[in-house]
Amino acid sequence: MGEEYDIVNLIVLGVISWTTVFLLVRKIFSDRSFELCNRIISTIHGILAVILASLSVEDWSCPVCPLASASTPKQRQVLAVTVAYLIYDLICCLFDVKFTLDNTVHHLVSIVGLAAGLAFQLCGSEQVAALFITEISSPFLHARELLKEFGYRDTDLNLAADVLFAVIFSVARMVGGPYLTFVTLTANNPLLIKAMAVGLQLVSVFWFYKIVKMVKYKLTKRRKLVGMPGKLD
């Protein structure tokens, strides 16, 4: 019972901490957009989530082991940090001028899914692995947009960020993702966890298709700019 309260306290402290860091970033970049400041926080979370997820792995010869087992305290702490971030980000989205319903639904589903894992203290290995796979490309996703706002749109640096994001996303979601989905479905996991694994992989396939189109467009656009004197000066 005491550990459950510790997790709740960690989530509450996390929400306060993420909000405080956002306010500090907003003050530092007061002349920049609300979205840029929020993306900086998202980048910090992405890096932190990957580091914490990596530190929680018990055996790197089988990173998702033990399967269908009780969550370890370290795994629950990792998930709690991300739940706190998602709650903060959901609140931020409500104040953003670019509010979208699909993003809100995504946050709510993610919060409910992770909170269910924390409440039942099950499938910690699978959930932390899913967190690692989804967040490892996140810093590069946000870097693309941050570079644009800092004036590096249509530059070699911005193109490099696009390609790097696409490569990391593709490897994580289309190699690591199917493997995680397979082991999750074949293990004795609750139906909810299996459904979330399939849903995550379907979403990953959809975004993989969109990213391939984006990269093709960027490379085609870049070739056209290179062929036009003065456009890259």
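From the backbone N, Cα and C atoms, a Cβ is placed for every residue, glycine too.
For the domain 'TLC' (31-220), the predicted model reports an average pLDDT of 90. What TrEMBL records for 31-220 is domain 'TLC'.
Sequence-distant contacts of the transmembrane segment (6-25) (same chain, at least 6 residues past either end, Cβ-Cβ under 8 Å): 37-38, 40-41, 44-45, 76-77, 80-81, 83-85, 87-89, 91-92, 118. Taken from TrEMBL, the feature transmembrane segment applies to 6-25 (among others).
Here TrEMBL flags 37-57 (among others) as transmembrane segment. With a threshold of 8 Å between CB atoms, the same-chain residues lying at least 6 positions outside the transmembrane segment (37-57) that come near it are 18, 21-22, 25-26, 29, 63, 72, 74-75, 77-78, 81-82, 85, 88-89, 92, 96, 128-129, 131-132, 135-136, 138-139, 142-143, 145-146.
Annotated transmembrane segment per TrEMBL: 77-97 (among others), in sequence order.
The transmembrane segment feature in TrEMBL is assigned to 104-122 (among others).
Taken from TrEMBL, the feature transmembrane segment applies to 159-179 (among others).
Among residues of the same chain six or more beyond the transmembrane segment (191-212), those with a C-beta under 8 A of the stretch's C-beta atoms are 113, 116-117, 122-123, 126-127, 130, 134, 165-166, 169-170, 173-174, 177-178, 180-181, 184-185. The annotation transmembrane segment is assigned in TrEMBL to 191-212 (among others).
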